[in-house]
Amino acid sequence: AYGVVYKARDIETNEDIALKKIRLEQEDEGVPSTAIREISLLKEMHHENIVNLKDVVHREKRLYLVFEYLDLDLKKHMDSCPEFSQDLHMVKMFLCQILRGVAYCHSHRVLHRDLKPQNLLIDRGSNTIKLADFGLARAFGIPVRTFTHEVVTLWYRAPEVLLGSRHYSTPVDVWSVGCIFAEMVNQKPLFPGDSEIDELHKIFRIIGTPNEDIWPGVTSLPDFKSSFPKWPPKELATIVPNLGATGLDLLCKMLQLDPSKRITAKKALEHEYFKDIVLP
């Protein structure tokens, strides 16, 4: 979403790399120093489930980010392997790795804010999943349209963000991961809204419309409307029928409307759903 990505080769190591050219809103003013500070912090982050930012190059008022190169993302993988959703153990392995990457970032006080299957990259050799674009939202903002003028998807956006909260935090990423979890199992997006209001309605139709009892403070959020239809919550088991009881319990905890009640990434990793997982 932030600019063009080139596949390139590091002539010193002969490795393939992804070169992301950042498109800045104020082209003439060069790169804001705050953005450079933010991005420099990301170079310190090293985790097997995060795409490694190898270098930051600042040339002629442009910023180039050098990442390790991975050509497969979770969306492409789900589109090309419809049988993936049947492999619930693989879904669990992927979810565990996604949560490990998110928990690591959150422990360093870095949010993603725009997690979606397209920025979860897969290393085909090891079946490792890695989060791309972590921390870029804070440095550059979330664009409304991508570089190719596609509208940035709202399908994974947390309800507090959609309702205009200015004080959101790490729970926004856990919501996104919950949506991705359901999509891996169902082979289709959970809340495919085509506008902010449609997105909220799609969420409320399944999770239920929030009120002050369910989510204290919700009615004071800038974009909350007392005219929202009052939908009752549905049973998640009817929405994600192929997921067992422990998986549904975890999904339910990740999709709590009230961000203060949503499970953390770290706590999610301790959930019973993962008890049969052995990761190095």
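Just so you know, glycine gets a Cβ as well, placed from its N, Cα and C.
Feature annotation from Swiss-Prot assigns domain 'Protein kinase' to 1-274; the stated evidence is sequence analysis. What Swiss-Prot records for Ala1, Tyr2, Gly3, Val4, Val5, Lys20 is ATP binding site. What Swiss-Prot records for Tyr2 is phosphotyrosine. Marked as active site, proton acceptor by Swiss-Prot: Asp114. Annotated phosphothreonine per Swiss-Prot: Thr148, in sequence order.
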Cβ packing number for Gly3 (ATP binding site), 10 Å threshold: 19
Segment-level pLDDT (mean, integer) for the domain 'Protein kinase' (1-274): 90
Local Cβ density at Val4 (ATP binding site) - other Cβ atoms counted within 10 Å: 11
Spatial separation of Asp114 (active site, proton acceptor) from Gly3 (ATP binding site) - C-alpha basis, Å: 15
DSSP state at Asp114 (active site, proton acceptor), helix/strand/coil: coil
Distance from Val4 (ATP binding site) back to the residue listed as 'active site, proton acceptor', taken between C-alpha atoms, in Å: 18
Other CB atoms within 10 A, centred on Asp114 (active site, proton acceptor): 21
Three-state secondary structure, Lys20 (ATP binding site) (per DSSP): strand
Val5 (ATP binding site) - helix vs strand vs coil (DSSP): strand
